Ligand SMILES: O=c1ccn([C@@H]2O[C@H](COP(=O)(O)OP(=O)(O)O[C@H]3O[C@H](CO)[C@@H](O)[C@H](O)[C@H]3O)[C@@H](O)[C@H]2O)c(=O)[nH]1
Ligand SMILES: [Mn+2]
């Protein structure tokens, strides 16, 4: 075949999802049902002075909200697309002119993020199936920890063995820890000797790092061996220290080779300068420091950002991403390629939920409208777009630039020249954090940055390969999840109200579908209001015997029944198509409820306070390790509650619904006949009953469990008393 023909074949392809028309028809029927529900609420509003007028208006408001929010989320399902890449074409055409790729790994605290985990992530990307001399790996350590530095030094030595091993045996996950788990048990002849040898090296390294962790410091002889340690002075603390910058492997150095004599990727440690009087802007700050520092050292045209807990599980991902950027036809408009966030440590039935539907459904939907959101880890960027460049017709990258120009300075000189770029004061009076790099001042620096890139005319792409590209660590206790979702929903809600709102800033710059897509996430926080109303009010009115929904015999009953069943059956199907289990879906409903009544509520309140100038935004780092007994319960899918204030809200709401349900059962037995209750209040009883069922693990945690993960008895007593007080005073009130 003539290679000319080849030139015209694209490097990636976009396919529309099947069944879109059917879905749209289905959505139209649901929407009709929603309109009928609104019509019902509007036509039966109790008149002024009549009983229950305010309750009714509240329900109207809640249902208007739910209905409109549902409309907004249709943007995530309306126009789904799937991407395919052709890596063989890429290497056929461009193998010798592949661009430099800089990989940024961020870590912030050696206790929450153990150095062994961090270096596993680093090693997994050092071993990418990609020309080593074109890779630059940068570890940003916001913890400024000698321990992390020590671990990276160890990783650097181990890499000389690990990278050739991976390439020789074409190893699956290239994070050593994950790899050893994946091969434990299977003993392949021929492999086993090499395997034993590399495993031994790894374990020895791990022991040295763990010994240092226990010791709380670096062994004397190690700290003398490497000059890098001298950059820490005795007064250094995580929040107050000089820049530490160390090029551990200089990719331009022909002597930096692995045991087979092959070149190694560049490896750099950076702890940017920290001073108490300068705000460091969390991860966004460290990313911006990395962008500048790497521009001096390797200046890759493509940048991959990873959290330290998310290792590469697929050695082909760089090539996948390049299929988008280097496509002759459409590549020049793509600013970033986001991969889904998958987690290694989710249980089978996803006790605390997961990103399953976001990754397998919703992001394919926004991709159809111009591209996914940038959600942090697992995202490849074009350096120029990330630095603030606007899209124009001639945004084509000149890939053929000379990657291998000779450098005149020594590594030491280069370090000294580069260090000032990571100082606290460097950004003063510059565009960094605003028009350049990642934006500051928002707890979801990634989403707001991605939005502004898209508003500059760029597209993005979502790529969800068969073999997961990255695997991370997700929370293993309820409080962790609540804190994380508070940060996310708060950040997203702040964006909606900020000058970069997808509504007004994005207006005319991105498609309406994408605007709505952003809004589905940006409106997470305000969702708490309607949800709280719906979980409290209809249940309480059961106690009074007041019906707030249409009777079974009324025709108005039908739209309610249809919308509820259509919505939930579809959501179950969607969950299962995405690979989830039925129980997983049920758990997801519980987490949905808990997030909305705690995380989103706090996020909503805090955002309002922030807007009024009362608080400052923070970034609480998610824990990546837990105690052994906590982990054991997690594996058994037993919920871990804890003592924090959100638990009190959850417990009180759960108790309230339990009392209301008991109340109605009592009523059936003592006062009314079943038929009348069934005729007048089936939906209300259903709602309350489902809430009780969903809360089952909560009741167990309150009253039945004895382990440490249960709810403390103080919360049990308080929530019991409060819910009982509310219920009784409500029922005696006329
Ligand atoms: O001051 C800080 C705080 C955090 N981090 C790093 O940021 C990453 C994300 O922090 P984590 O606590 O794990 O938050 P997650 O909620 O798991 O992260 C998601 O949400 C964040 C925004 O809220 C994004 O930045 C992340 O990429 C995305 O994976 C981690 O590698 C941290 O080490 C820093 O480098 N400096
Ligand atoms: Mn994380």
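Using the three backbone atoms N, Cα and C, a Cβ is placed for every residue, glycine included.
Note on TrEMBL: of 499-517, 518-536, the range annotated with the feature transmembrane segment is 518-536.
Checking TrEMBL for transmembrane segment across the ranges 21-42, 87-108 points to 21-42. Cβ contacts within 10 Å of residue 113 (UDP-alpha-D-glucose binding site), excluding its own Cβ and spanning all protein chains shown: 27. In the three-state DSSP reading, residue 446 (active site) counts as helix.
Of all Cβ atoms in the protein chains displayed, 24 besides its own lie within 10 Å of the Cβ of residue 283 (Mn(2+) binding site). Same-chain residues lying 6 or more positions outside the transmembrane segment (556-577) and placing a CB less than 8 Å from one of its CB atoms are 26, 29-30, 32-34, 36-37, 40, 70, 356-357, 360-361, 549-550, 584-585, 588, 683. Sequence-remote contacts of a segment are chain residues at least 6 beyond its ends whose Cβ falls under 8 Å from one of its Cβ atoms, and for the transmembrane segment (677-699) they are 534-535, 538-539, 541-542, 545, 547-553, 557, 560, 564, 586, 589-590, 593, 638-639, 641, 650-651, 653-654, 657-658, 660-661, 664, 667-668, 711.
Sequence-distant neighbours of residue 446 (active site) (same chain, 6+ apart, CB under 8 A from its CB) are 373, 374, 375, 376, 379, 438. In terms of C-beta pairs under 8 Å, the stretch of 21-42, 518-536, 598-626, 711-733 lying closest in packing to the transmembrane segment (54-72) is 518-536.
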